[in-house]
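Everything below concerns the one structure shown next.
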């Protein structure tokens, strides 16, 4: 199979939405029957984002094969059916690490290792490998043109443009076309300078996607075309919209997919965007609203919980309600108590690391349990629910996780020292293991208890979900917790690790050690999130009676 490559760059400012634009184009091409994948090349020196602060970088998206990747891969999976893997995201740090490892082994036969050709060759190899088996591979280059960190990646795609030729490569550049209120017009000069910068390193863009708060007038499109040496039909206006799921239709209406298909000489059907039209209709026509309190520690940057935010919205679509997320700092819960948890239709406690704010999350779980409020715990959210139950129901005062208190008399949550990975291999860890790349990661089979809310949600006796954690329920206390009324509704493939818990005599109190948000999509939703929002809606109706 001959793969075509679309390289996506950004200029003028960061955070223009390259990932959304790339994913939206991929969605249109997929709707035309093409097999599409997307890659993200990140210019930072970290090997992967696994140890980066969520408040700096946003969430870490975990793929099926256990790669810790950029949050843009979450956008990719939500827009197209292709599942991402570790080949879809790599960083400068990972490239340098692999090249230096080869140098130490003597693979370069004593050559002087340089950015060109050794680093650029390594980048090109990964891009080509990632695109294998697909009709089209869209490659997003992180950062902004002009950044020193991005230069090796830009040089690599320049070389690929020459080596593969125009019939197999296309360069798409996102820029900002701001509107100046004082002048009453949009300004194209930033775009002109950005394209000039890109051309100075040997890349001439074939398509310009111009971001702005409004549509770009035809005369300004013509001006951009003239000064940037791009066909006028290839100047695409991408205005702000109230839903990212409207962007595929917006790009389709301007013929971007036709331009790509013609450039590559591909024969395929017209795009069928009916699924996306249905998503947009559901989003615009809710029958009600629920308020979900998300009790976390990284709430100053909502992108730290990007997939959770989107999964809640997807569940709202399936339940025909809009979901309003109220972000609650877990430290505020510690300081002010239950008053900050009033007026909610449900509580969700997402994953997290470190001791800061953990007691606030425990209080949130207690509030939901005692007030029959729907509760959904994810990863740490499951652990704090179990700790709260152990302390206040099972009679284990001062129960805790050894992550936060190594001297606790009841270590109901402890470090996983051994487990079976997705390929059936035995993995082992200990306290001195590195932080990076040492967690239980990736898709794992989970056996569900017959008759449980989990089994009802999944409509079966098993599920496969993605993990990212070091700590698990301590099996020593399972029997005591069960006797107190806790239900262990999900177990690992070897049935040795607890994956899900529920509570008896509660409308909806469900928590999982895994991260179901990573597999939720706007078209398909996710059974656990759908069940949670349905329970929140039912709770609201009971309160109104």
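Just so it is clear, glycine is given a Cβ too, placed from its N, Cα and C backbone atoms.
Between the candidates 14, 401, 452, 462, Swiss-Prot assigns the CTP site shared with 147, 148, 149, 187, 188, 189, 190, 191, 192, 223 to 14. Among 65, 70, 72, 206, only 72 appears in Swiss-Prot as part of the ATP site alongside 15, 16, 17, 18, 19, 20, 239, 240, 241. Swiss-Prot names 352, 380, 381, 382, 383, 403 for binding L-glutamine. Of 466, 470, 478, the residue it gives for the same site is 470.
The binding-site residues recorded for this entry are 15, 72, 187, 352, and the Cα of 15 lies nearest to that of residue 148 (CTP binding site). Across 15, 16, 17, 18, 19, 20, 72, 239, 240, 241, which the record gives as binding ATP, the greatest C-alpha separation is 20 Å. With the fewest other C-beta atoms within 10 Å around its C-beta, 148 stands out among the binding-site residues 148, 380, 382. Note: the Cα of residue 383 (L-glutamine binding site) and the Cα of residue 515 (active site) are spaced 13 Å from each other. If you count neighbouring Cβ atoms within 10 Å for each of the binding-site residues 188, 191, 192, the highest count belongs to 191. DSSP assigns residue 515 (active site) to coil in the three-state reduction, placing it in neither a helix nor a strand. Remark: residue 187 (UTP binding site) has 177, 178, 179, 180 as non-local neighbours, by Cβ distance under 8 Å and separation of at least 6 in sequence.
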